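Chemist: Found this in TrEMBL, in case it helps:
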ACT_SITE  A:Asp94  active site
ACT_SITE  A:Asp96  active site
ACT_SITE  A:Asp275  active site
Amino acid sequence: MFEAASLEERKRYYREEWKVDDLPEFITEELNKREFGFDHLGKGPNDRYKIFKNKDQLRKFLRYRSPFAAYCSVAFYNKPWKRGDWQKSELVFDVDAKDLPVRSCNCEGVCEICLNEALLIVKDILDTLKGDLGLKNIHVIYSGRGYHIRVLDPEIMQFDSDVRAQVLKYVSGAENPKNKYFLGPEQGQKPYELEHFTIPLGYPSVFTSRMKYVILHLTGEESIENVNPRLLKDVIKNRHLLEEDQWGLFKNKIGPIRYKKLVEGISKLNMGLIDAKVSIDLKRILRLPSSLHSKVSMRCMEVQNLEKFDPIKKAVPKFVLERKEV
Amino acid sequence: MVLLSFLNPFSEEAEQIVREKSSLEELFNKNKDLIDIIAHTNSQNISNDELIPHTLAELAVKRLEWFVRKKNDKKYDHNDYSFLMNPDMAIYDIISFYIAAQSIGIRFNPNSRESRVFIESQGQLVQERLEKLSTSLRKEVVAKLLNQLIPLDNISWTSLGELFGSRKINLTDLIIDQGEVILDKEDFIYRFSDKIIGRVPEKMYDILIGDQIKELIINRMIMQNTENYLLKVHEMASNIEAHPSLIVIADEISKMLKERTSIFSGSGDIQASKLVGEAFPPCIKNTIDGVSSGNRNDAIVLLLTSFISYARLYPSVFKNETNLKISDLDKGLKITNNEILPVIYEAAGRCTPPLFEDDPQEKLNITAKLGFGVHRVPDLNNEGESKWYTPMSCEKIKIHLPVLCKPDKDCKKISNPLSYYNRRKWIMNQSPDSKSPEEKDKSTKKED
């Protein structure tokens, strides 16, 4: 499992296993407006600016070339062959199990444990995207080494990188939450002090959820800005309190000044939960759902039921299973 | 309620006032009523005749002068401009808003210093005018203004996209539920009272939303509407011949800004000087060493171009908070052409693959980021067609170019590469042994 696929295996995959109908509808709907890119040698996508007028052209290409990796743009263009006349782009969140800043497995690449942890983060992000931000038309793709959340809600597809960066910070909990509030606009009044965990709504609540996830998954090996080894040790020692949301007690055990440092450190670390560059890049190409991730011999596929999805059962191509039998 | 139009020049009433009471022929006529209102404004300084605008044209210029002086002038006296807070001025204020907006829109680019100062001044005026009101009147006015600007009960956060994009407001500042920005108290209680335990929901509303978020949205929306209006005027100006009076006022505004900013730009402690490579932060050194594709374009065009230009010409930009153009600091563009562009172009050449071989149009983007529009080289005739981009913050670098961000011990103390540079240069200057090459140079020979 998770070994690279040979050229023979790639050919088998595209000729025997892959079907053009495996392409999700959100990809095929406006296929001719997307740019496609391919990696034929395993050295990165250097065959770019490809266009396909219809599904059949793409089918023939994939069957014939059996690329190492296939990608398509998150952007829609009127002139996709030169990435010209940009119309709109999907909003994407890339949660890569391999690059998570906190992983309880400490494996070299990816394994079932960190893939599961990536899935937990994806579920949290989805709750925020739908519950707080009210976004629709969201697709989750298992990428082979993690997950892509692809949002095709027309409300956000024309947003520029700056707005996307703000959404990214909101959903990942990457902004240090404020803890001083003013009751009214009058000047000179004393601020109200409220910690994020006492506010069960809005961004403070999102931050609390992400912070809880991070603390409960720390191994003690992490390097977090502003958090020295002793503080990290104390956080791990007292984290059982967070399992029952005893945040006040937890803060008392840590101490108010050190707690402030912890919050700052975790807000910075949270930026690493999602690959930020993918979210803000309007012209990114992203692994094509249904294609083969040849580095790990896994199928990149849309996840229909997040609760029941198990990549080991659903995304392993036949040739890998047969490899096992040999 | 004229007071509302005093705060929101885009209200229907304000537009009607402009239609009925303004005349381009009278802009330079002495207006006795205007002078009378100003002279009788509480606490207004009247000792010097120059403090009092006598015409609508002068009033239009004064609105911007107030803002620039308030921001930068240590001798600023609020009582010199008390009239700007006087609601009795509302009608003249609205007319002067449109005079200034049309003059600037016709003559200058939407990214010009003139445009940006005007937009910011309008935001500041709204804020200060609200602060002058009594608590109860302020609440009433805020509710009515919000109604004018957002006719629906709730707004979708996506409809505020422009405000987030221009960073006038942060998404995390708002309480959002199911895509809607929650502003109404009853709605807040209906949605969240079940979740709020151990606190009174009404109080929670006052703390988290109250009038402060509403005022923030009002302020930023008026700024955004001002920006959009300037853009509209600018686009229309290319098809319609402008009234000569507006051109005269535009030039007056520009002259005033130039005079004021040249006074204040020299007041910072950080003086412009030759580039000192040893003081560059790690992200800039990494960029200069060459960047591989994937990060290459952003590193050269977005990060390096703004950093090098500001480090060389205007290192105190964040301290001074005054918008300047490159030509304010480098009149003939000699430094830009001989010292700034070579550093950027050489770094572009060290990229893999070399930036301009792969993407020759990026040369145009570099010119644009220096404020000279989309052209191959900077030319004074094109200045203002685009904005002179300020250096990216460390936070932004971490999002856009995480591979270049390899912080050293000094990075902890700063939030922008330019601050790192200024700090390092200052430290280097403290020690005689570690003087910058430029300074060592100075001691042996004179600069040509």
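Including glycine, each Cβ sits where the backbone N, Cα and C put it.
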Chemist: What is the interatomic distance between the Cα atoms of A:Asp96 (active site) and A:Asp275 (active site), given in whole Å?
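Modeler: If we compare the Cα positions of A:Asp96 (active site) and A:Asp275 (active site), the gap is 7 Å.
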Chemist: Cβ-Cβ under 8 Å from A:Asp275 (active site), same chain, 6 or more residues apart: which ones?
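Modeler: When sequence neighbours closer than 6 are ignored, A:Asp275 (active site) has A:Asp94, A:Val95, A:Asp96, A:Asp99 within Cβ distance under 8 Å.
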Chemist: 10 Å Cβ neighbour count around A:Asp94 (active site)?
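Modeler: So the Cβ neighbour count for A:Asp94 (active site) comes to 21.
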Chemist: At a 10 Å cut-off from the C-beta of A:Asp96 (active site), count the other C-beta atoms across all protein chains.
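Modeler: Step by step: centre on the Cβ of A:Asp96 (active site), count other Cβ atoms within 10 Å, giving 20.
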